[in-house]
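**Student:** To start, I am sharing the structure in question, which I have written as structure tokens.
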Ligand code: GLA
């Protein structure tokens with residue numbers, strides 16, 4: 001609880017009075033099921049013990065004063081509840097604005113402003129969803145502060161809408177869902193077309209989940225992401241001429257092979273193939289895990305990476321290098337990129353006794369090839385966003 005004491009002191013220093021409550025919202029890692037969420041498929045993410053803390057205190061007027069210890073140079077960012085526009089100068093606070101705006105548009109009454117202090121320990125730009133973590137944290141805080149009584153799945157949906165409509169990134173629902181609905185020691189199998197979900201206990205006895213950060217600066221990630229989405233939508237349109245489907249996630253591999261010839265553009269065909277096979281892979285991987293067959297799970301993780309590299313083309317030299325170095329290492333059950341790609345992180349399952357050598361060796365070899373070091377985090381799986389104090 002040390003971190004909470006420190007944050008409580010910071011809050012008093014910055015806002016000259018004490019806070020009311022402390023909230024926490026995790027980051028997430030996806031174990032398998034990449035770029036399937038917006039294709040009506042399955043994902044298998046989990047929430048992490050690293051995330052974002054939020055301390056809040058209600059005001060009597062309609063001003064919001066926001067301060068992040070991660071962006072202390074920006075100082076207090078101030079805005080008014082009646083003037084919720086996305087503006088560049090408000091930087092990270094646009095996520096707060098976006099969520100408030102979406103809540104209001106859904107008819108929820110946010111009548112008072114508040115002071116809010118954020119601190120996150122998710123490495124920025126790592127692809128572990130620091131932005132969705134801030135969004136779901138904001139949603140959870142609003143829900144509590146204004147006694148709105150909103151179900152977490154509804155909060156999750158509104159946070160996704162904020163990202164889509166206010167921020168302008170056309171993401172699927174995976175990040176916000178795993179952050180809102182995460183459960184300690186479990187991953188969530190989510191069917192993104194129906195939002196039906198089940199928790200799978202992750203019994204990793206003897207193994208660790210190791211996240212490898214490429215530390216690559218991600219430039220055009222958002223526009224490339226949106227491009228992949230449109231490519232899949234175009235492929236789906238071609239297939240809908242011959243089959244009555246609403247999404248690529250409805251197809252088995254065999255059904256896809258039968259009709260894939262109707263996709264006229266070869267690039268779009270590859271994108272659709274990834275979406276279909278990755279979805280089926282996810283279902284198989286979770287079935288294997290539920291039978292304690294970690295070896296099959298790992299093999300499917302490796303296949304997922306190959307498909308993201310060759311068919312979806314969202315990896316790049318940094319992610320590919322991290323994964324191939326992982327697969328050369330001893331005690332590795334599986335390794336793949338995680339999240340949107342184009343940089344960001346990999347996720348590997350590594351035997352306990354090999355973890356130290358794994359990170360040491362890869363650091364050296366990755367630096368030789370890429371020019372700078374990767375970072376590694378050994379993570380635990382946590383609950384979704386909640387009030388701590
Ligand atoms: C990002 C998006 C998610 C999902 C992944 C890829 O994290 O926010 O919705 O599409 O990429 O699986």
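Using the three backbone atoms N, Cα and C, a Cβ is placed for every residue, glycine included.
Source: prediction; values computed, not measured.
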**Student:** Do you know which of 199, 225, 262 TrEMBL groups with 34, 35, 36, 37 in the substrate site?
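**Tutor:** Candidate in the recorded substrate site: 225.
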**Student:** What is the maximum Cα to Cα distance, in Å and rounded to a whole number, among the residues 68, 125, 126, 127, 128, 129, 130, 131 annotated as binding ATP?
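**Tutor:** Site span for ATP, by Cα atoms: 19 Å.
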**Student:** What are the sequence-distant neighbours of residue 126 (ATP binding site), meaning same chain, six or more residues apart, C-beta distance under 8 angstroms?
**Tutor:** 213, 344, 345
**Student:** How long is the line from the C-alpha of residue 34 (substrate binding site) to the C-alpha of residue 129 (ATP binding site), rounded to the nearest angstrom?
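**Tutor:** Residue 129 (ATP binding site) has its Cα 14 Å from the Cα of residue 34 (substrate binding site).
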**Student:** Please report the DSSP secondary structure of residue 131 (ATP binding site), reduced to three states.
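**Tutor:** Once the DSSP labels are grouped into three classes, residue 131 (ATP binding site) ends up as helix.
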**Student:** Between residue 130 (ATP binding site) and residue 35 (substrate binding site), what is the CA-CA distance rounded to a whole number of Å?
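**Tutor:** Their Cα atoms are separated by 18 Å.
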